[in-house]
Amino acid sequence: MNIPCFVVILSLATTHSLGEFPLYTIPEKIEKWTPIDMIHLSCPNNLLSEEEGCNAESSFTYFELKSGYLAHQKVPGFTCTGVVNEAETYTNFVGYVTTTFKRKHFRPTVAACRDAYNWKVSGDPRYEESLHTPYPDSSWLRTVTTTKESLLIISPSIVEMDIYGRTLHSPMFPSGVCSNVYPSVPSCETNHDYTLWLPEDPSLSLVCDIFTSSNGKKAMNGSRICGFKDERGFYRSLKGACKLTLCGRPGIRLFDGTWVSFTKPDVHVWCTPNQLINIHNDRLDEIEHLIVEDIIKKREECLDTLETILMSQSVSFRRLSHFRKLVPGYGKAYTILNGSLMETNVYYKRVDKWADILPSKGCLKVGQQCMEPVKGVLFNGIIKGPDGQILIPEMQSEQLKQHMDLLKAAVFPLRHPLISREAVFKKDGDADDFVDLHMPDVHKSVSDVDLGLPHWGFWMLIGATIVAFVVLVCLLRVCCKRVRRRRSGRATQEIPLSFPSAPVPRAKVVSSWESYKGLPGT
(Lines of atoms letter the chains of each structure in order from A and count residues from 1; the text may use other names and numbers.)
(Lines give C-alpha, C1' and ligand atoms only; values in the text may rest on other atoms or scores of the structure.)
Protein backbone atom coordinates (compact mmCIF):
# COMPACT_ATOMS: atom_id res chain seq x y z
CA MET A 1 0.00 0.00 0.00
CA ASN A 2 1.33 3.42 -0.96
CA ILE A 3 1.26 5.44 2.26
CA PRO A 4 1.30 9.25 2.02
CA CYS A 5 3.96 10.11 4.54
CA PHE A 6 2.91 13.71 4.91
CA VAL A 7 -0.16 12.66 6.83
CA VAL A 8 1.92 10.87 9.40
CA ILE A 9 4.92 12.88 10.54
CA LEU A 10 3.53 14.74 13.51
CA SER A 11 6.63 15.83 15.20
CA LEU A 12 7.42 18.61 12.77
CA ALA A 13 4.25 20.60 13.34
CA THR A 14 4.03 23.48 15.78
CA THR A 15 0.52 22.99 17.10
CA HIS A 16 -0.40 20.93 20.13
CA SER A 17 -3.31 18.78 18.97
CA LEU A 18 -3.33 15.29 20.44
CA GLY A 19 -3.28 12.42 18.01
CA GLU A 20 -4.10 14.58 14.94
CA PHE A 21 -2.07 14.05 11.76
CA PRO A 22 -1.34 16.76 9.16
CA LEU A 23 -3.59 16.28 6.19
CA TYR A 24 -1.59 18.47 3.87
CA THR A 25 1.18 21.08 3.81
CA ILE A 26 0.92 24.48 2.15
CA PRO A 27 3.21 27.53 2.14
CA GLU A 28 2.46 30.16 4.77
CA LYS A 29 3.01 32.80 2.12
CA ILE A 30 4.47 33.05 -1.36
CA GLU A 31 6.68 35.97 -2.21
CA LYS A 32 8.73 36.56 -5.33
CA TRP A 33 9.08 33.78 -7.89
CA THR A 34 12.53 33.17 -9.34
CA PRO A 35 13.07 31.51 -12.73
CA ILE A 36 15.26 28.42 -12.65
CA ASP A 37 16.48 25.76 -14.99
CA MET A 38 15.30 22.16 -14.75
CA ILE A 39 18.63 21.07 -13.31
CA HIS A 40 17.89 23.20 -10.23
CA LEU A 41 14.90 21.09 -9.28
CA SER A 42 15.57 19.23 -6.01
CA CYS A 43 13.67 16.61 -4.05
CA PRO A 44 13.06 17.46 -0.38
CA ASN A 45 14.51 15.14 2.24
CA ASN A 46 11.70 14.72 4.75
CA LEU A 47 13.87 12.64 7.08
CA LEU A 48 15.99 15.65 8.03
CA SER A 49 15.14 18.51 10.33
CA GLU A 50 13.06 21.27 8.85
CA GLU A 51 15.11 23.95 10.54
CA GLU A 52 17.98 25.56 8.73
CA GLY A 53 21.36 24.72 10.09
CA CYS A 54 20.26 21.57 11.97
CA ASN A 55 22.06 19.15 9.71
CA ALA A 56 24.78 17.78 12.00
CA GLU A 57 23.89 14.34 13.34
CA SER A 58 25.37 12.44 16.26
CA SER A 59 24.41 9.15 17.88
CA PHE A 60 22.91 9.13 21.36
CA THR A 61 20.90 6.96 23.74
CA TYR A 62 17.44 7.86 24.99
CA PHE A 63 14.61 6.26 26.96
CA GLU A 64 11.11 5.73 25.67
CA LEU A 65 8.05 3.84 26.82
CA LYS A 66 8.02 0.10 26.41
CA SER A 67 5.75 -1.30 23.79
CA GLY A 68 2.56 -2.40 25.50
CA TYR A 69 3.47 -0.68 28.76
CA LEU A 70 -0.20 -0.33 29.67
CA ALA A 71 -0.05 -3.87 31.07
CA HIS A 72 2.42 -2.64 33.66
CA GLN A 73 0.03 -0.05 35.04
CA LYS A 74 -1.83 -2.75 36.93
CA VAL A 75 -0.37 -2.86 40.42
CA PRO A 76 -0.94 -6.23 42.12
CA GLY A 77 -1.61 -6.18 45.83
CA PHE A 78 -3.77 -7.65 48.58
CA THR A 79 -6.27 -6.56 51.18
CA CYS A 80 -5.78 -7.24 54.87
CA THR A 81 -8.77 -7.33 57.24
CA GLY A 82 -8.55 -7.66 61.00
CA VAL A 83 -11.03 -10.26 62.30
CA VAL A 84 -11.83 -11.25 65.90
CA ASN A 85 -13.46 -14.70 66.19
CA GLU A 86 -15.32 -15.12 69.46
CA ALA A 87 -16.90 -18.19 71.09
CA GLU A 88 -19.15 -17.59 74.10
CA THR A 89 -20.49 -20.45 76.26
CA TYR A 90 -22.84 -20.54 79.24
CA THR A 91 -23.45 -23.56 81.47
CA ASN A 92 -26.72 -23.53 83.45
CA PHE A 93 -27.59 -25.19 86.79
CA VAL A 94 -28.28 -28.60 85.29
CA GLY A 95 -25.12 -28.56 83.13
CA TYR A 96 -26.67 -27.61 79.80
CA VAL A 97 -24.12 -25.62 77.70
CA THR A 98 -25.17 -22.93 75.23
CA THR A 99 -22.52 -21.78 72.71
CA THR A 100 -22.67 -18.57 70.66
CA PHE A 101 -20.16 -17.69 67.94
CA LYS A 102 -19.53 -14.05 67.06
CA ARG A 103 -17.24 -12.13 64.70
CA LYS A 104 -15.91 -8.63 65.14
CA HIS A 105 -13.28 -6.53 63.38
CA PHE A 106 -10.25 -4.52 64.38
CA ARG A 107 -7.83 -2.24 62.57
CA PRO A 108 -4.66 -4.14 61.58
CA THR A 109 -1.11 -2.85 61.30
CA VAL A 110 1.04 -2.90 58.18
CA ALA A 111 3.74 -5.12 59.71
CA ALA A 112 1.23 -7.73 60.88
CA CYS A 113 -0.47 -7.73 57.46
CA ARG A 114 2.84 -8.21 55.69
CA ASP A 115 3.69 -11.16 57.98
CA ALA A 116 0.30 -12.76 57.41
CA TYR A 117 0.67 -12.34 53.64
CA ASN A 118 4.10 -13.96 53.71
CA TRP A 119 2.61 -16.85 55.70
CA LYS A 120 -0.11 -17.31 53.11
CA VAL A 121 2.07 -17.20 50.00
CA SER A 122 4.68 -19.48 51.58
CA GLY A 123 2.08 -22.02 52.70
CA ASP A 124 2.85 -21.54 56.38
CA PRO A 125 0.21 -23.46 58.41
CA ARG A 126 0.11 -20.67 60.97
CA TYR A 127 -1.97 -18.55 58.60
CA GLU A 128 -4.63 -21.22 58.18
CA GLU A 129 -4.68 -21.94 61.90
CA SER A 130 -5.11 -18.28 62.73
CA LEU A 131 -8.40 -18.20 60.81
CA HIS A 132 -9.97 -21.07 62.75
CA THR A 133 -12.69 -20.35 65.28
CA PRO A 134 -11.31 -20.77 68.82
CA TYR A 135 -12.27 -23.95 70.69
CA PRO A 136 -14.93 -22.96 73.24
CA ASP A 137 -14.46 -23.73 76.94
CA SER A 138 -17.16 -23.93 79.63
CA SER A 139 -17.60 -23.52 83.37
CA TRP A 140 -20.64 -24.35 85.54
CA LEU A 141 -22.98 -21.41 86.09
CA ARG A 142 -20.56 -19.13 84.27
CA THR A 143 -20.19 -17.43 80.89
CA VAL A 144 -16.84 -18.21 79.25
CA THR A 145 -15.75 -15.98 76.34
CA THR A 146 -12.92 -17.23 74.11
CA THR A 147 -11.54 -14.79 71.50
CA LYS A 148 -8.94 -15.14 68.77
CA GLU A 149 -7.55 -12.37 66.55
CA SER A 150 -6.63 -13.17 62.94
CA LEU A 151 -5.87 -11.38 59.68
CA LEU A 152 -7.81 -12.25 56.53
CA ILE A 153 -5.69 -11.85 53.37
CA ILE A 154 -7.45 -11.58 50.00
CA SER A 155 -5.21 -11.59 46.94
CA PRO A 156 -4.78 -10.58 44.24
CA SER A 157 -6.31 -7.15 44.60
CA ILE A 158 -5.44 -5.13 41.49
CA VAL A 159 -5.40 -1.34 41.41
CA GLU A 160 -4.42 1.06 38.64
CA MET A 161 -1.49 3.41 38.77
CA ASP A 162 -1.48 6.89 37.29
CA ILE A 163 2.01 7.12 35.81
CA TYR A 164 1.87 10.92 35.81
CA GLY A 165 1.74 11.32 39.58
CA ARG A 166 2.38 7.72 40.72
CA THR A 167 -1.00 7.70 42.45
CA LEU A 168 -3.11 4.56 42.79
CA HIS A 169 -6.75 4.43 41.76
CA SER A 170 -9.45 2.00 42.84
CA PRO A 171 -13.09 2.15 44.00
CA MET A 172 -12.01 0.56 47.28
CA PHE A 173 -10.18 3.74 48.32
CA PRO A 174 -12.26 6.34 50.23
CA SER A 175 -11.81 9.05 47.57
CA GLY A 176 -10.94 6.68 44.76
CA VAL A 177 -7.28 7.68 45.01
CA CYS A 178 -4.37 6.63 47.20
CA SER A 179 -1.69 9.25 46.80
CA ASN A 180 0.52 8.72 49.86
CA VAL A 181 1.68 5.16 49.22
CA TYR A 182 5.02 6.57 48.06
CA PRO A 183 7.52 6.42 49.61
CA SER A 184 7.07 6.24 53.37
CA VAL A 185 3.56 4.81 53.81
CA PRO A 186 3.47 1.30 52.34
CA SER A 187 -0.31 0.90 52.55
CA CYS A 188 -3.58 2.54 51.54
CA GLU A 189 -6.72 3.14 53.55
CA THR A 190 -9.91 1.57 52.22
CA ASN A 191 -13.61 2.22 52.64
CA HIS A 192 -13.58 -0.07 55.68
CA ASP A 193 -11.72 1.16 58.73
CA TYR A 194 -10.59 -2.38 59.50
CA THR A 195 -9.18 -3.17 56.02
CA LEU A 196 -5.88 -2.06 54.46
CA TRP A 197 -4.55 -2.43 50.92
CA LEU A 198 -0.88 -3.27 50.46
CA PRO A 199 1.18 -3.89 47.31
CA GLU A 200 2.59 -7.36 46.81
CA ASP A 201 6.03 -5.89 46.28
CA PRO A 202 6.89 -3.87 49.40
CA SER A 203 9.54 -1.85 47.56
CA LEU A 204 7.29 -1.18 44.53
CA SER A 205 10.38 -1.44 42.35
CA LEU A 206 8.56 -3.20 39.51
CA VAL A 207 5.64 -0.82 39.26
CA CYS A 208 7.40 1.69 37.00
CA ASP A 209 9.22 -0.81 34.83
CA ILE A 210 7.77 0.82 31.72
CA PHE A 211 10.87 2.32 30.12
CA THR A 212 13.27 0.93 27.56
CA SER A 213 16.59 2.18 26.23
CA SER A 214 16.87 2.99 22.51
CA ASN A 215 19.50 4.39 20.16
CA GLY A 216 18.99 7.30 17.79
CA LYS A 217 20.65 10.25 16.10
CA LYS A 218 20.41 13.86 17.22
CA ALA A 219 20.03 16.70 14.72
CA MET A 220 22.25 19.48 16.02
CA ASN A 221 22.86 23.12 15.29
CA GLY A 222 26.00 23.76 17.27
CA SER A 223 25.10 22.78 20.83
CA ARG A 224 21.36 23.08 20.27
CA ILE A 225 19.23 19.97 19.61
CA CYS A 226 16.61 20.51 16.92
CA GLY A 227 15.25 16.98 16.99
CA PHE A 228 16.29 13.39 16.58
CA LYS A 229 15.73 10.25 14.58
CA ASP A 230 14.40 7.47 16.74
CA GLU A 231 15.46 3.83 16.59
CA ARG A 232 13.10 3.23 13.67
CA GLY A 233 14.49 6.14 11.62
CA PHE A 234 11.49 8.36 12.32
CA TYR A 235 12.41 12.03 12.78
CA ARG A 236 10.95 13.82 15.78
CA SER A 237 11.23 17.53 16.35
CA LEU A 238 11.55 19.21 19.73
CA LYS A 239 9.32 22.05 18.58
CA GLY A 240 6.33 22.31 20.87
CA ALA A 241 7.82 19.86 23.39
CA CYS A 242 7.24 20.28 27.12
CA LYS A 243 8.71 18.78 30.27
CA LEU A 244 6.80 15.87 31.78
CA THR A 245 7.87 13.48 34.55
CA LEU A 246 6.64 9.89 34.41
CA CYS A 247 7.07 7.60 37.40
CA GLY A 248 9.69 9.91 38.81
CA ARG A 249 11.79 9.93 35.62
CA PRO A 250 12.19 13.39 34.01
CA GLY A 251 11.53 13.57 30.29
CA ILE A 252 9.79 15.55 27.58
CA ARG A 253 6.48 15.15 25.84
CA LEU A 254 6.65 15.86 22.13
CA PHE A 255 3.73 17.69 20.59
CA ASP A 256 2.31 14.45 19.12
CA GLY A 257 2.08 12.83 22.55
CA THR A 258 5.30 10.81 22.34
CA TRP A 259 7.36 10.70 25.55
CA VAL A 260 11.15 10.43 25.55
CA SER A 261 13.90 11.04 28.07
CA PHE A 262 17.51 12.01 27.46
CA THR A 263 20.10 14.33 28.97
CA LYS A 264 19.92 18.07 28.36
CA PRO A 265 16.91 18.22 26.04
CA ASP A 266 16.94 22.05 26.16
CA VAL A 267 13.20 22.19 26.95
CA HIS A 268 12.12 24.45 29.80
CA VAL A 269 8.31 24.62 29.55
CA TRP A 270 6.29 22.28 31.77
CA CYS A 271 3.30 20.46 30.32
CA THR A 272 -0.20 21.45 31.30
CA PRO A 273 -2.48 18.84 32.96
CA ASN A 274 -4.41 18.27 29.72
CA GLN A 275 -1.28 17.40 27.73
CA LEU A 276 -1.22 13.62 27.98
CA ILE A 277 1.04 11.05 26.42
CA ASN A 278 0.04 8.45 23.85
CA ILE A 279 0.35 4.74 24.33
CA HIS A 280 3.22 2.91 22.71
CA ASN A 281 2.56 -0.46 21.14
CA ASP A 282 3.87 -2.74 18.42
CA ARG A 283 1.29 -1.46 15.97
CA LEU A 284 2.66 2.07 16.19
CA ASP A 285 6.19 0.76 15.70
CA GLU A 286 5.08 -1.08 12.58
CA ILE A 287 3.38 2.05 11.28
CA GLU A 288 6.54 4.05 11.91
CA HIS A 289 8.50 1.50 9.91
CA LEU A 290 5.96 1.87 7.11
CA ILE A 291 6.24 5.64 7.38
CA VAL A 292 10.01 5.57 7.02
CA GLU A 293 9.78 3.12 4.14
CA ASP A 294 7.16 5.28 2.47
CA ILE A 295 9.22 8.45 2.94
CA ILE A 296 12.11 6.71 1.26
CA LYS A 297 9.78 5.46 -1.48
CA LYS A 298 8.37 8.95 -1.99
CA ARG A 299 11.88 10.31 -2.33
CA GLU A 300 12.69 7.60 -4.85
CA GLU A 301 9.56 8.52 -6.81
CA CYS A 302 10.59 12.16 -6.70
CA LEU A 303 14.08 11.26 -7.94
CA ASP A 304 12.57 9.13 -10.72
CA THR A 305 10.37 12.07 -11.70
CA LEU A 306 13.38 14.38 -11.67
CA GLU A 307 15.28 11.92 -13.86
CA THR A 308 12.38 11.76 -16.30
CA ILE A 309 12.20 15.56 -16.45
CA LEU A 310 15.91 15.89 -17.09
CA MET A 311 15.92 13.11 -19.69
CA SER A 312 12.86 14.37 -21.54
CA GLN A 313 13.61 18.06 -20.96
CA SER A 314 9.91 18.58 -20.27
CA VAL A 315 8.00 19.25 -17.09
CA SER A 316 4.28 19.13 -16.34
CA PHE A 317 2.14 20.61 -13.62
CA ARG A 318 1.36 17.15 -12.29
CA ARG A 319 5.04 16.22 -11.95
CA LEU A 320 5.70 19.31 -9.83
CA SER A 321 3.57 17.82 -7.03
CA HIS A 322 6.43 15.36 -6.32
CA PHE A 323 8.70 18.24 -5.25
CA ARG A 324 6.44 19.56 -2.50
CA LYS A 325 7.81 19.17 1.02
CA LEU A 326 5.58 16.59 2.63
CA VAL A 327 6.02 17.75 6.22
CA PRO A 328 5.84 21.17 7.89
CA GLY A 329 9.09 23.09 7.63
CA TYR A 330 11.32 24.97 5.26
CA GLY A 331 11.30 23.96 1.60
CA LYS A 332 10.70 25.14 -1.94
CA ALA A 333 7.58 25.64 -4.02
CA TYR A 334 7.54 25.28 -7.81
CA THR A 335 5.29 26.52 -10.59
CA ILE A 336 5.26 27.21 -14.33
CA LEU A 337 4.55 30.79 -15.40
CA ASN A 338 4.50 31.79 -19.07
CA GLY A 339 6.37 28.63 -20.00
CA SER A 340 9.15 29.21 -17.47
CA LEU A 341 9.95 27.05 -14.44
CA MET A 342 9.83 29.10 -11.23
CA GLU A 343 10.76 28.46 -7.60
CA THR A 344 10.54 30.28 -4.27
CA ASN A 345 11.66 29.56 -0.72
CA VAL A 346 8.71 28.99 1.60
CA TYR A 347 7.82 27.62 5.00
CA TYR A 348 5.24 24.84 4.80
CA LYS A 349 2.60 24.74 7.49
CA ARG A 350 0.25 21.93 8.35
CA VAL A 351 -3.31 21.64 7.10
CA ASP A 352 -5.79 19.64 9.17
CA LYS A 353 -8.93 20.25 7.08
CA TRP A 354 -9.38 20.93 3.40
CA ALA A 355 -11.78 23.71 4.30
CA ASP A 356 -8.87 25.60 5.87
CA ILE A 357 -7.31 26.17 2.46
CA LEU A 358 -10.44 25.77 0.32
CA PRO A 359 -12.98 28.06 2.02
CA SER A 360 -15.06 28.45 -1.15
CA LYS A 361 -15.22 27.28 -4.74
CA GLY A 362 -12.29 28.48 -6.78
CA CYS A 363 -10.37 29.86 -3.78
CA LEU A 364 -7.03 28.47 -2.60
CA LYS A 365 -6.18 30.26 0.63
CA VAL A 366 -2.50 31.06 1.02
CA GLY A 367 -1.75 33.23 4.00
CA GLN A 368 -4.87 35.26 4.65
CA GLN A 369 -6.18 35.64 1.09
CA CYS A 370 -7.15 33.66 -1.96
CA MET A 371 -4.34 33.18 -4.43
CA GLU A 372 -5.07 34.12 -7.99
CA PRO A 373 -4.01 31.54 -10.60
CA VAL A 374 -2.06 32.47 -13.69
CA LYS A 375 -3.76 30.88 -16.68
CA GLY A 376 -5.28 28.32 -14.33
CA VAL A 377 -1.92 27.38 -12.80
CA LEU A 378 -1.04 27.83 -9.10
CA PHE A 379 1.96 25.86 -7.74
CA ASN A 380 3.08 22.35 -6.76
CA GLY A 381 0.77 20.80 -9.32
CA ILE A 382 -2.32 22.65 -8.03
CA ILE A 383 -4.48 23.99 -10.88
CA LYS A 384 -7.90 25.50 -11.37
CA GLY A 385 -10.17 23.30 -13.43
CA PRO A 386 -12.46 24.38 -16.24
CA ASP A 387 -15.43 24.35 -13.86
CA GLY A 388 -13.67 26.70 -11.45
CA GLN A 389 -12.77 24.01 -8.89
CA ILE A 390 -9.32 23.95 -7.30
CA LEU A 391 -7.70 20.59 -8.08
CA ILE A 392 -5.05 19.34 -5.65
CA PRO A 393 -3.36 16.09 -6.76
CA GLU A 394 -3.34 14.61 -3.24
CA MET A 395 -7.09 15.17 -2.89
CA GLN A 396 -7.69 12.77 -5.73
CA SER A 397 -6.08 9.87 -3.85
CA GLU A 398 -8.65 7.53 -2.31
CA GLN A 399 -5.96 5.95 -0.16
CA LEU A 400 -5.43 9.16 1.75
CA LYS A 401 -8.66 8.95 3.74
CA GLN A 402 -8.19 5.25 4.41
CA HIS A 403 -4.71 5.78 5.75
CA MET A 404 -5.81 8.77 7.79
CA ASP A 405 -8.46 6.62 9.49
CA LEU A 406 -5.89 3.89 10.10
CA LEU A 407 -3.41 6.23 11.72
CA LYS A 408 -5.96 8.04 13.86
CA ALA A 409 -7.29 4.73 15.14
CA ALA A 410 -3.77 3.71 16.14
CA VAL A 411 -3.18 6.51 18.63
CA PHE A 412 -4.88 6.58 22.01
CA PRO A 413 -3.99 9.22 24.57
CA LEU A 414 -3.49 7.79 28.02
CA ARG A 415 -6.08 9.43 30.24
CA HIS A 416 -5.98 8.99 34.00
CA PRO A 417 -7.52 8.52 36.42
CA LEU A 418 -9.72 5.85 34.90
CA ILE A 419 -11.82 5.53 38.03
CA SER A 420 -15.16 7.33 38.12
CA ARG A 421 -15.78 9.30 41.29
CA GLU A 422 -19.40 8.12 41.29
CA ALA A 423 -18.24 4.51 41.56
CA VAL A 424 -16.50 5.06 44.87
CA PHE A 425 -18.03 3.01 47.63
CA LYS A 426 -19.42 4.68 50.71
CA LYS A 427 -18.37 3.93 54.24
CA ASP A 428 -20.61 1.47 56.03
CA GLY A 429 -20.39 1.44 59.78
CA ASP A 430 -17.74 2.11 62.33
CA ALA A 431 -14.94 -0.24 63.19
CA ASP A 432 -13.74 -1.27 66.60
CA ASP A 433 -10.53 0.39 67.69
CA PHE A 434 -7.67 -1.88 68.70
CA VAL A 435 -4.08 -1.02 69.45
CA ASP A 436 -0.82 -2.94 69.59
CA LEU A 437 -1.96 -5.57 67.12
CA HIS A 438 -0.07 -8.83 66.91
CA MET A 439 -0.87 -12.48 66.43
CA PRO A 440 -1.90 -13.35 70.03
CA ASP A 441 -2.79 -16.68 71.53
CA VAL A 442 -6.37 -17.60 72.25
CA HIS A 443 -7.79 -15.43 75.00
CA LYS A 444 -10.31 -16.79 77.53
CA SER A 445 -12.38 -14.88 80.10
CA VAL A 446 -14.64 -16.45 82.76
CA SER A 447 -17.54 -14.52 84.23
CA ASP A 448 -18.87 -14.60 87.82
CA VAL A 449 -21.60 -16.99 88.93
CA ASP A 450 -24.51 -16.70 86.57
CA LEU A 451 -27.93 -18.19 87.25
CA GLY A 452 -28.81 -18.20 83.64
CA LEU A 453 -31.15 -15.24 83.74
CA PRO A 454 -30.23 -12.02 82.09
CA HIS A 455 -29.61 -9.38 84.79
CA TRP A 456 -30.37 -11.99 87.49
CA GLY A 457 -29.57 -9.57 90.31
CA PHE A 458 -32.32 -7.28 89.12
CA TRP A 459 -34.80 -10.12 88.92
CA MET A 460 -33.77 -11.39 92.37
CA LEU A 461 -34.46 -7.97 93.82
CA ILE A 462 -37.90 -8.00 92.24
CA GLY A 463 -38.54 -11.50 93.65
CA ALA A 464 -37.45 -10.45 97.16
CA THR A 465 -39.73 -7.43 96.96
CA ILE A 466 -42.68 -9.61 96.00
CA VAL A 467 -41.96 -12.03 98.86
CA ALA A 468 -41.70 -9.17 101.32
CA PHE A 469 -44.98 -7.80 100.06
CA VAL A 470 -46.71 -11.16 100.50
CA VAL A 471 -45.32 -11.51 104.05
CA LEU A 472 -46.51 -8.03 104.87
CA VAL A 473 -49.97 -8.81 103.57
CA CYS A 474 -50.09 -11.98 105.68
CA LEU A 475 -49.03 -10.10 108.82
CA LEU A 476 -51.68 -7.49 108.21
CA ARG A 477 -54.34 -10.15 107.86
CA VAL A 478 -53.27 -11.88 111.11
CA CYS A 479 -53.30 -8.60 112.97
CA CYS A 480 -56.72 -7.77 111.61
CA LYS A 481 -58.13 -11.13 112.80
CA ARG A 482 -56.80 -10.64 116.36
CA VAL A 483 -58.26 -7.20 116.57
CA ARG A 484 -61.65 -8.54 115.50
CA ARG A 485 -61.55 -11.30 118.16
CA ARG A 486 -60.81 -8.86 120.95
CA ARG A 487 -63.65 -6.65 119.89
CA SER A 488 -66.11 -9.59 119.81
CA GLY A 489 -65.08 -10.73 123.38
CA ARG A 490 -65.75 -7.33 124.90
CA ALA A 491 -69.19 -7.19 123.32
CA THR A 492 -70.16 -10.55 124.97
CA GLN A 493 -69.30 -9.43 128.54
CA GLU A 494 -71.54 -6.36 128.32
CA ILE A 495 -74.80 -8.39 127.74
CA PRO A 496 -77.36 -8.25 131.07
CA LEU A 497 -78.32 -11.57 133.03
CA SER A 498 -82.09 -12.78 133.14
CA PHE A 499 -83.74 -14.54 136.29
CA PRO A 500 -86.21 -17.47 135.82
CA SER A 501 -89.71 -17.39 137.53
CA ALA A 502 -89.51 -20.89 139.10
CA PRO A 503 -87.00 -21.58 141.85
CA VAL A 504 -84.03 -23.61 140.75
CA PRO A 505 -82.90 -26.20 143.27
CA ARG A 506 -79.33 -25.69 144.46
CA ALA A 507 -76.88 -28.46 144.34
CA LYS A 508 -75.40 -29.72 147.55
CA VAL A 509 -71.84 -28.82 148.05
CA VAL A 510 -69.54 -31.31 149.73
CA SER A 511 -66.44 -29.65 151.00
CA SER A 512 -64.38 -32.70 151.99
CA TRP A 513 -64.27 -36.48 152.36
CA GLU A 514 -65.00 -36.34 156.08
CA SER A 515 -68.04 -34.28 155.43
CA TYR A 516 -69.09 -36.74 152.82
CA LYS A 517 -68.86 -39.66 155.22
CA GLY A 518 -71.06 -37.86 157.78
CA LEU A 519 -73.98 -37.61 155.40
CA PRO A 520 -77.07 -39.78 155.96
CA GLY A 521 -76.92 -43.15 154.39
CA THR A 522 -73.14 -43.47 154.44
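Each Cβ is built from the backbone N, Cα and C atoms, and glycine gets one as well.
Every protein chain considered, the tally of other Cβ atoms within 10 Å of the Cβ of ASN221 (N-linked glycosylation site) stands at 14. Annotation comment: Swiss-Prot describes ASN221 (among others) as N-linked glycosylation site, evidence class sequence analysis.
Among the features that Swiss-Prot reports, N-linked glycosylation site is placed at ASN338 (among others), with the record citing similarity to another entry. All protein chains included, ASN338 (N-linked glycosylation site) registers 9 other Cβ atoms within 10 Å of its own Cβ.
Per Swiss-Prot, the feature S-palmitoyl cysteine maps to CYS480. Around the Cβ of CYS480 (S-palmitoyl cysteine), a 10 Å sphere holds 9 further Cβ atoms from the protein chains shown. For the recorded site, CYS480 (S-palmitoyl cysteine), the DSSP three-state label reads helix.
The feature signal peptide is assigned by Swiss-Prot to 1-19, with sequence analysis given as support.
Mean per-residue pLDDT, taken over the topological domain 'Virion surface' (20-455), amounts to 79. Look at Swiss-Prot and you will find 20-455 tagged as topological domain 'Virion surface'.
According to Swiss-Prot, the transmembrane segment annotation covers 456-476.
CYS480 (S-palmitoyl cysteine) sits 129 Å from ASN221 (N-linked glycosylation site), counting Cα to Cα.
The two recorded residues, ASN221 (N-linked glycosylation site) and ASN338 (N-linked glycosylation site), show a Cα separation of 40 Å. Reduced to three states, the DSSP call for ASN338 (N-linked glycosylation site) is coil.
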